[in-house]
């Protein structure tokens, strides 16, 4: 109990990917560039969708939520990690660790569900265009935007509270770039086997149906695309779908390895690399994949830029 109380008072030490890396300077620069790209691209996309009335349609409203989640998710982890590396201090308080875990679980879980809704939106738009305004009417759209936040918040409250109630007396060092359930459970001096199974079950419930919905939606979309008469349109649609599936695969793949894989198969190096994928790489790629080749978004960006130049 004394060791547990001392953890409450002194907190933890994050021994992350920069500490274990053979070239921490190069890795720090790379992550800084990716974070700057994620911050800039998601911030711009969020501003453009908010300010341009032409983009106030379900597809772009869902995309704005994705940008907001990515912006917040990467900002919860990366700035602290970079500042800690530059200052040579890796400490985080018990409360700060709990807050970081809560925010990462909320934002990551919400993004997981949102990607499924975005895939469904594309399925309806391409496979049922005449019924799009009925199936994606404003009430349904707002429900799609609110559901991921609500379910992820509830899931995060449960897991954060339960994880942080364990007595931590093994060591103060978390061999991870931020506070997350699998590495924290390794520090607990109580039996966590039942809770690890609960994490496995809840992770499967969150990730598997969403991934199945994404794959099913894009399967129908690809089937519809292959029947297009226009070769140029087919090629463009195939490129868009493959780009989306690449990013989705990276996100779901990393999350599933973290939360669905048995704890005995986890290693600090593997967990750190996987976390980098959904904390900084996918947030940097998402706005580029979803909007860079989109003429409507680029047109809206020019209109918004024109307004600012007039001001």
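Glycine too: its Cβ is placed from the backbone N, Cα and C atoms.
Here TrEMBL flags 24-48, 60-78, 98-120, 140-158, 205-226, 238-260, 272-292 as transmembrane segment. According to TrEMBL, the feature domain 'G-protein coupled receptors family 1 profile' maps to 41-290.
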Legend entry - Intrachain neighbours beyond the transmembrane segment (238-260), with Cβ under 8 angstroms and 6 or more residues off its ends: 108, 111-112, 115, 119, 122, 180-182, 199-200, 203-204, 206-208, 210-211, 214, 218, 221-222, 225, 270-271, 274-275, 277-278, 281-282, 285-286, 289-290, 293
Legend entry - Mean predicted confidence [pLDDT] for the domain 'G-protein coupled receptors family 1 profile' (41-290): 87
